[in-house]
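**Student:** In case it's useful when we look at the structure, here is the feature table from TrEMBL:
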DOMAIN    102-415  domain 'FAD/NAD(P)-binding'
DOMAIN    464-516  domain 'BFD-like [2Fe-2S]-binding'
DOMAIN    574-926  domain 'FAD dependent oxidoreductase'
REGION    139-166  region 'Disordered'
REGION    376-395  region 'Disordered'
Amino acid sequence: MTLDFTFEGQAVRARPGDSLAAALAAAGQVALGARRSGAPRGAFCGMGVCHDCLVTVDGARGRRACMVEARAGMNVRREAERTLTPGTTPPAPPRTERAEADIAVIGAGPAGLSAAIQAAEGGARVIVLDERGESGGQYFKPRSGGYRGDHAPDRQHRRGTALRGRAEASGARILSGQSLWFARPEEDGFALRSLGEDCAWHLTVRAVILATGAYERPAMVPGWTLPGAMTIGAAQTLARRYGVAPGTRVLIAGHGPLGLQLAAELEAIGARVVALAERGRPGPGAALVRAVAAAPRLALDGARYRLAALRGRVPVLQGWELAEITGEDRAEGAVLRQIATGESRRFAADTVAAGDGFAPQLEVARLLGVPLTLDPGTGDIRPERDETGRTPAPGVWIAGDAGGLGGAEIALAQGRLSAEGALNHIGRPVRDSGADLRRPRAFQSALWSLYAAPPRATPTGGTILCRCEEITAATVRAAIAQGADDPATLKRATRLGMGRCQGRYCLPQALRLLAEAGHPAPPEALFAPQIPARPVPLGALALEKPEWGGHLESAPATRPARPDPRPLSASSADLVIIGGGVTGISAALHAARAGASVVCLDRGRVNGEASGGNAGSLHLQLLSWDFGGKAVGSGDLQLRTLPLQAESIDLWQRLETELGADFEMAVTGGLMVAENPDQIAFLEAKAAAEARIGIQTEVIDGAQVRRIAPAISEDVVAAAWCPGEGKINPLAATPPLAAAARAAGALIEENAPVRGIARDGQGYTVDTARGRITARRLLIAAGGWSAGLARMLGAELPIKGAPLQMVVTAPGPALVPCLLAHADRHLSMKQTAAGSVIIGGAWPAVTGAGGQTQILPESLEGNLWVAQRTVPQVGSLQVIRSWAAMNIDIDGAPLIGPVPGLDGVTIAATANGYTLGPLMGREAAAAALSGRLRQDLGAFSMSRFT
């Protein structure tokens with residue numbers, strides 16, 4: 001039995017159960033789309049991690065070909081990041097089901113199914129979430145209904161079938177095809193949210209067992225991003241599940257027994273393997289004896305694989321590694337290198353299956369608060385857990401390879417042990433299952449002694465390190481050399497980790513590069529965990545929520561910081577500035593240029609908090625919640641801020657030219673859209689008020705709106721158009737300001753949290769974690785943290801912190817040509833130079849128990865609904881990350897000037913994000929040094945509160 005679908009208008013024949021990737025590989029189609037640069041891309045990981053196999057299916061953008069089952073009549077198109085395929089339609093949110101359970105098991109591989117069986121048989125209500133269409137995981141993946149081979153299933157297949165049968169009979173509820181995107185501890189358990197093609201699930205559970213497995217680390221060599229280059233696991237899925245050969249001439253290069261198994265499986269379906277390169281040199285010896293003694297069946301399987309390779313006359317090169325994949329638009333060959341001598345050999349191949357070990361899937365564990373640790377043997381980052389899978393996070397267990405590579409036998413045993421622990425946690429104690437890890441641990445120890453090899457060298461030169469953003473190893477090394485000495489700073493400097501794989505591939509290599517440069521990063525310095533845990537279609541999450549008023553106040557976040565043992569570079573200064581965001585850095589630049597000795601202190605890294613987390617809007621018209629009945633107070637101060645914003649935008653432009661930098665700044669204009677007569681009347685009143693203070697805003701009709709922004713919704717009937725608005729990239733703009741400040745003589749001291757401030761004669765002494773410094777004048781420019789600093793001197797400032805969310809999509813076609821806002825909804829939206837759409841609008845977030853900001857799912861859904869309602873095609877893009885930055889909550893207007901009762905202390909706090917940063921810094925520096933505030937800024941001083 002077969003079925004047909006079309007790919008780029010051409011008929012493709014598939015078998016029942018085929019994934020699109022399998023059917024296309026069988027048809028010889030390897031290029032499935034194009035990267036931002038135009039370079040082709042194809043299937044790579046085979047398990048939904050890399051997102052390189054994205055295609056458009058029946059108008060739905062961003063579908064993973066390796067995870068979508070082929071169906072008759074499907075219309076499948078290649079997908080380019082910056083091109084909208086004709087007929088693209090945003091997905092609608094699927095129906096939502098809600099359920100409660102005692103235990104949730106995430107992942108239905110060996111560990112997950114074993115845990116589910118043990119927990120369900122112990123009397124617990126168990127729900128299993130799994131992203132794949134059928135359970136079994138990577139190890140026990142079943143054959144598809146249309147499997148092409150004619151040989152009988154092997155023992156591994158038979159064991160998987162038996163395990164699935166036991167799981168189905170146990171009473172555990174298995175929800176397949178569900179991607180978990182949200183997980184968070186709650187007072188009495190955990191909240192989980194997942195998304196499937198036809199249904200979304202919201203679960204409340206008492207305990208969680210994570211059995212998400214591992215993903216294959218790639219061999220990062222020149223050419224590893226070409227179509228036809230894939231992981232060993234991806235090639236094995238094609239062969240083992242579908243009976244599809246990934247190519248006509250396949251070269252395998254890896255480290256460990258998986259390559260040998262793949263060679264045997266490819267030979268069994270008639271594929272030609274041109275060579276197998278193995279980094280280790282397994283052979284007779286004590287390690288082999290120990291492996292056979294610990295697991296004779298597995299050792300026998302290995303012998304059978306070796307015999308199959310010999311029968312197929314596959315050249316097996318031990319002690320060799322992949323050095324390069326050659327080809328133009330697809331893989332055409334490979335270069336192998338002997339590790340010991342450097343000798344190289346070339347092979348012609350249209351498919352290269354390569355891997356370099358495995359890394360645990362950490363994203364859900366991190367969302368649930370599981371601490372991380374470094375594997376002492378490999379240096380890999382893995383979650384903390386004991387032998388039973390118990391983690392330091394109450395109610396969370398991690399079983400199998402999700403906590404570090406151990407293989408299927410350990411996963412099966414640890415699944416049972418984790419279930420026992422979870423049952424005890426919920427008050428259902430059970431008898432010891434008898435699960436024993438000693439023999440499988442002994443086998444794993446012997447196996448990796450047998451396959452011992454030196455670590456692969458880190459990538460160099462033009463080798464791609466971040467495949468999503470196409471960032472080279474040379475770019476990353478240069479950023480490290482220029483001072484990016486931790487993962488977060490490196491990410492902000494290069495965009496590493498900002499793509500769809502969310503850093504899964506590039507981050508481990510970046511950590512190695514940092515360590516080689518003398519900057520080893522502790523686990524707590526990794527990218528902050530945020531939702532969604534996997535990219536999800538925006539339209540599938542867009543749900544209307546009630547509008548709200550007022551900020552959700554929160555204690556300022558306490559992002560983990562690495563201790564810096566170096567003392568401060570100076571013990572005194574004319575001016576000490578506290579805060580290394582855009583305002584503080586701008587103040588340091590202008591004060592140093594005025595001839596003052598300046599030290600700028602930051603508790604973390606420059607641009608590391610609110611400024612670096614800002615969305616980068618350059619606002620010139622009032623936001624809808626700053627005018628009329630929604631405004632704080634009368635709204636007069638907000639209105640009087642607008643001329644300052646115009647002045648600051650002009651200053652931004654002059655600084656970009658003066659410094660010869662690219663701030664990715666553009667004055668595009670801005671639209672605030674209206675959908676009905678009441679909203680039009682609101683915009684007309686707002687525009688009239690803005691005109692009275694010299695701000696050019698014009699209310700235009702729907703036709704004029706669509707000439708500016710063709711993708712705007714048909715529901716939009718008018719808009720306020722402000723030609724002076726625009727956008728800027730805070731990640732590109734603040735670093736040049738900091739470099740200019742240093743060049744002018746300012747000292748910028750990072751990782752120097754302030755522990756105390758005291759009067760000292762005619763000045764002040766500031767105690768930091770890196771030493772003490774005295775100054776005659778003090779400028780507090782620490783945003784939402786400012787009130788706490790002033791309190792050290794006995795002063796109260798009316799500044800609160802309110803974390804606000806931002807959401808970013810994967811790069812897409814040009815949809816948002818200017819700054820967008822809504823007349824009656826919380827929305828701010830713009831599109832970056834890279835094509836990502838940034839969505840905000842002051843939707844609230846919170847500060848979690850661990851001190852880091854957390855996105856509220858209701859805020860995410862509501863914000864996305866407004867965005868899609870305004871620009872419908874935004875719904876076709878994928879949400880790849882969200883974050884929250886600590887907004888400054890005063891009274892809707894900035895605060896600048898002397899702090900009453902504290903001679904020589906100045907406060908500078910903006911109330912309009914990044915727009916006012918350089919102007920506030922300049923004027924705060926002038927006020928601090930002269931003791932006089934610019935006359936027209938008097939309305940924004942502390943005097944309005946006293």
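Numbering starts at 1 and runs along the chain as displayed.
A Cβ is built for glycine as well, from the same backbone N, Cα and C atoms used for every other residue.
Describe the structural surroundings of these features, if you would.
**Tutor:** Regional average pLDDT for the domain 'FAD/NAD(P)-binding' (102-415) in the model is 95.
Here the domain 'BFD-like [2Fe-2S]-binding' (464-516) has, by DSSP, the following mix of helix, strand and coil residues: 28 helix, 5 strand, 20 coil.
Distant neighbours of the region 'Disordered' (139-166): 1-2, 14-18, 22, 26, 109-110, 113-114, 117, 132, 237, 240-244, 268-269, 297, 301, 408, 411; these residues of the same chain sit at least 6 beyond its ends, with a Cβ under 8 Å from one of its Cβ atoms.
Within its own chain, the region 'Disordered' (376-395) is flanked in space by residues 185, 189-190, 206-209, 357, 359-360, 362, 365-366, 368-370, 402-404, 414-415, 417-418, 420-422, 425, 437, 508, 511-512, 515, 523, 526, which lie at least six positions past its ends and keep a Cβ under 8 Å from the stretch.
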